[in-house]
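A.B. asks: I am attaching a structure below and will ask some questions about it afterwards.
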Amino acid sequence: MNLEELKKRQGKIRNFSIIAHIDHGKSTLADRILEKTETVSSREMQAQLLDSMDLERERGITIKLNAIELNYTAKDGETYIFHLIDTPGHVDFTYEVSRSLAACEGAILVVDAAQGIEAQTLANVYLALDNDLEIMPIINKIDLPAADPESVRTEIEDVIGLDASEAVLASAKAGIGIEEILEQIVEKVPAPTGDVTAPLKALIFDSVYDAYRGVILQVRVMDGVVKPGDKIQLMSNSKTFDVAEVGIFTPKAVGRDFLATGDVGYIAASIKTVQDTRVGDTVTLATNPAAEPLHGYKQMNPMVFAGLYPIESNKYNDLREALEKLQLNDASLQFEPETSQALGFGFRCGFLGLLHMDVIQERLEREFNIDLIMTAPSVIYKVNLTDGESMDVSNPSEFPDPTKIATIEEPYVKAQIMVPQEFVGAVMELAQRKRGDFVTMDYIDDNRVNVIYQIPLAEIVFDFFDKLKSSTRGYASFDYELSEYRPSKLVKMDILLNGDKVDALSFIVHKDFAYERGKLIVDKLKKIIPRQQFEVPIQAAIGHKIVARTDIKALRKNVLAKCYGGDVSRKRKLLEKQKAGKKRMKSIGSVEVPQEAFLSVLSMDEE
């Protein structure tokens with residue numbers, strides 16, 4: 001293609017993504033757009049086509065972003081090239097959203113006509129505004145009996161401040177309004193700006209590992225052209241690779257002769273290790289490099305840490321390989337080896353949040369067949385020592401001796417909770433119980449309230465989300481961002497079994513709740529740990545002070561069964577003998593801790 005044609009083609013490209021809260025119909029809308037543009041034959045069509053992971057389809061959530069090229073012949077007779085970049089809606093996957101938005105010029109904002117705006121809708125809209133995208137609101141599910149599109153329209157204008165007068169009323173399920181949406185994309189989403197003649201600059205927004213071709217980069221070309229045979233260079237580490245193939249996704253990968261400015265597609269360049277390709281990096285040509293990289297989006301830091309251990313210790317290397325493979329297309333997953341006396345060898349992993357942690361654990365168990373034990377999640381604490389030093393600790397077993405600690409600071413998050421008015425009391429009670437500080441509360445409309453709290457992240461990590469859903473019958477929506485570190489009265493609690501510390505059961509707790517938390521755990525462990533041949537004390541200790549204790553009674557054989565009647569001294573002799581044997585067992589016996597015991601520390605609650 002000559003320059004003229006390339007520029008004309010660039011004017012026909014529209015890059016957009018779809019943003020929405022969970023369950024507002026984003027994946028269904030994507031399905032309809034694929035059908036309408038006949039990208040996918042009706043034979044291949046299946047619900048949630050872009051959610052290719054089993055886990056995504058089962059939970060009905062989108063975890064990974066996907067990019068697809070569609071051709072659409074508009075009413076003006078021209079054929080446009082659409083790149084649809086599907087994004088997740090859940091708060092833990094915000095970084096997935098931010099990177100797919102970096103590859104777009106426009107965003108379709110889907111709002112449920114019955115539910116209105118939810119907390120994550122707002123969070124994603126702000127991300128889109130940060131990226132200067134053209135936002136087109138769409139009111140979906142208008143065929144529901146409870147739909148009230150007009151009040152949602154005013155809500156979009158009041159809460160977000162977008163002009164919703166032209167918002168398309170649609171129903172992705174019934175296929176209503178799909179054509180209008182496509183026409184609006186043509187009119188409203190700007191064509192990519194960028195210079196075909198400039199040196200190549202392409203943003204890596206994802207990478208997938210292919211066993212045969214190595215790492216495949218998903219890129220959005222910002223300037224220039226890339227074709228097979230070019231030598232490309234990654235700007236963050238200056239490594240060079242030879243391009244073997246470029247192409248696009250029409251869900252399936254299809255090879256192409258070139259990718260030009262504005263295109264979204266993939267580059268295969270037999271890159272061997274995932275570590276070479278950071279998502280957010282810039283690809284350029286080695287022969288004619290760009291002067292400076294694109295400003296990539298920010299590196300996401302994990303907020304939640306937990307230990308992952310294989311149940312069979314010989315699977316340690318398999319677990320490492322599995323984590324490396326997952327890290328390939330999940331740049332936010334971090335891990336380092338660690339050992340525990342109770343659990344053997346494993347990894348300390350960092351996650352973006354609880355759903356992320358859940359999904360990773362499930363993918364490890366499913367895709368790689370590794371049975372795991374997971375320790376209680378913890379956050380990063382800043383520990384200031386008496387000698388003026390300070391250290392970051394994410395693992396309770398690394399906490400220094402209490403006598404050396406001057407203060408401990410913990411991360412607080414700004415939690416935004418949207419909830420129907422009748423549940424405000426329940427939400428406030430929950431937030432208070434989780435040591436939250438009230439910030440503000442505004443009414444969105446007559447019925448819905450936006451409550452903002454500062455809550456310690458450690459309290460959210462446990463089971464805040466489940467509690468929030470159950471106390472509001474599932475109506476609350478919730479979004480959080482890290483706000484600051486604050487000093488807190490925190491202590492480390494150890495659990496002792498038969499006098500020995502079990503390092504994997506240690507956790508950090510606020511001093512005011514230490515006693516009840518300790519009591520709860522020892523009682524819970526008593527139910528879970530099977531009875532042994534000897535008596536086992538379970539103790540909860542802070543430093544050297546025991547705050548709670550309970551005993552698991554010994555199993556004992558009835559040694560008197562063989563004495564029919566007979567002298568009491570004979571019975572006493574047998575009982576004394578049994579007692580001495582139990583005592584000896586206790587001094588050398590060790591206690592097996594079942595997997596549920598580690599999880600029970602997690603699902604701690606004020607039952």
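Cβ from N, Cα, C; glycine included.
From a predicted model like this one, the values you see are computed outputs, not experimental measurements.
Feature annotation from Swiss-Prot assigns GTP binding site to Asp23, His24, Gly25, Lys26, Ser27, Thr28, Asn140, Lys141, Ile142, Asp143; the stated evidence is sequence analysis. The annotation domain 'tr-type G' is assigned in Swiss-Prot to 11-193.
Surface or core, plus neighbours and distances: that's what I need for these features.
C.D. replies: For Ile142 (GTP binding site), the same-chain residues that are 6 or more apart in sequence and have a Cβ closer than 8 Å to its Cβ are Ala113, Pro149, Leu169, Ala170, Ser171, Ile176, Gly177.
In this model, the domain 'tr-type G' (11-193) carries an average pLDDT of 70.
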A.B. asks: Quick check: in three-state DSSP terms, what is Asn140 (GTP binding site)?
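C.D. replies: In three-state terms, Asn140 (GTP binding site) counts as strand.
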A.B. asks: Relative to the Cβ position of Asn140 (GTP binding site), how many further Cβ atoms are located within 10 Å?
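C.D. replies: Other Cβ atoms found within 10 Å: 30.
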